[in-house]
């Protein structure tokens with residue numbers, strides 16, 4: 001007569017199912033953590049589900065640091081803390097931890113301990129395919145969660161193509177720039193020259209009313225005259241200060257106009273594209289793919305007097321005469337000599353005051 005087969009499972013990851021188990025997830029986890037094993041536990045995930053007959057079941061994934069050779073089929077038995085009852089599991093070695101984790105996630109009532117240990121079994125022919133992994137990443141809702149999904153379900157792609165994946169997810173989960181809220185109402189700028197007011201009425205508006213080729217404006221004046229605050233109070237805009245950042249985190253193709261503030265004209269990239277309100281142009285980035293700019297919106301250039309700031313002085317340089325002839329056809333140049341406001345009209349808006357008082 002053949003000897004009964006002795007129980008033995010030698011695996012790094014275990015999948016346990018406890019049928020008709022009344023323990024809570026927390027009670028089960030506490031007992032599992034007390035089990036003495038020759039290799040450290042790295043991760044435990046427990047799911048509690050109710051079957052059609054109303055009986056509770058527990059599913060568990062246990063990951064060890066190294067292989068655990070289990071020869072006792074009662075090793076993982078659990079006991080009730082309140083009554084004389086033992087719960088015996090079905091024990092299997094988990095060939096793919098990712099697949100087991102996905103399976104026990106299906107009901108949502110889960111408890112985790114430790115850090116999940118990624119394996120590549122799914123990508124080598126398990127239930128999970130690359131398309132499934134990327135579909136799950138897209139449905140994650142957030143970039144950080146999508147990266148976690150790809151790291152777990154497509155680890156090879158995560159390591160070899162991280163740069164492209166990261167860049168693509170920035171596009172998929174693009175976060176629009178937060179709308180700017182001016183601390184001052186436009187009406188509080190009561191010393192604005194007629195020349196500026198007229199320019200605004202002709203060029204700053206939504207796309208339906210905007211001229212096909214708006215005219216830009218260069219405003220030169222001393223510091224603390226209100227140039228920046230006035231320019232930013234006119235409507236939805238892109239604000240580029242000190243240098244140009246045309247990434248989608250900063251630059252919106254839906255803005256009504258651009259504000260370029262305190263950028264030395266000698267080093268202003270895309271001078272003509274901005275000043276000429278040009279449409280459909282590209283900006284090459286140092287480490288990324290070219291950025292497509294919709295364009296067709298005017299730009300307010302703000303500067304102080306001086307050779308490293310003034311657009312007028314820059315265009316008056318002998319080498320820039322051709323550029324100057326082009327610029328005066330595409331922009332107006334205004335020099336202001338006094339603040340655009342009176343002190344009594346520079347109280348913040350009520351909305352801004354509320355924010356300040358709460359801070």
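Count begins at 1; order follows the chain as displayed.
Every residue, even glycine, has its Cβ placed from backbone N, Cα and C.
Database features, via Swiss-Prot:
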BINDING   49, 57, 59, 107  divalent metal cation binding site
BINDING   221, 222, 223, 224, 225, 226, 227, 228  ATP binding site
DOMAIN    8-116  domain 'CRESS-DNA virus Rep endonuclease'
REGION    143-153  region 'Binding to RBR1'
REGION    156-176  region 'Oligomerization'
MOTIF     15-18  motif 'RCR-1'
MOTIF     103-106  motif 'RCR-3'
I want to verify one value. Collapsing DSSP to three states, which class is residue 223 (ATP binding site)?
coil
Around residue 226 (ATP binding site), how many other C-beta atoms are within 10 angstroms of its C-beta?
20
Report the residues of the chain - excluding 221, 222, 223, 224, 225, 226, 227, 228 - with C-beta within 8 Å of the mean position of the site's C-beta atoms, for the recorded ATP site, in sequence order.
304, 336, 339, 340
Any further residue of that chain within 8 Å (Cβ to the Cβ centroid of 49, 57, 59, 107) of the recorded divalent metal cation site:
47, 48, 50, 51, 56, 58, 104, 106, 109
Rounded Cα-Cα span from residue 228 (ATP binding site) to residue 57 (divalent metal cation binding site), Å:
64
For residue 224 (ATP binding site), what is the tally of other C-beta atoms lying within 10 angstroms of its C-beta?
8
Can you give me the average pLDDT across the domain 'CRESS-DNA virus Rep endonuclease' (8-116), rounded to a whole number?
89
Return the residues near residue 59 (divalent metal cation binding site) by Cβ distance under 8 Å, restricted to its own chain and a separation of at least 6 in sequence.
15, 16, 17, 18, 46, 47, 49, 103, 104
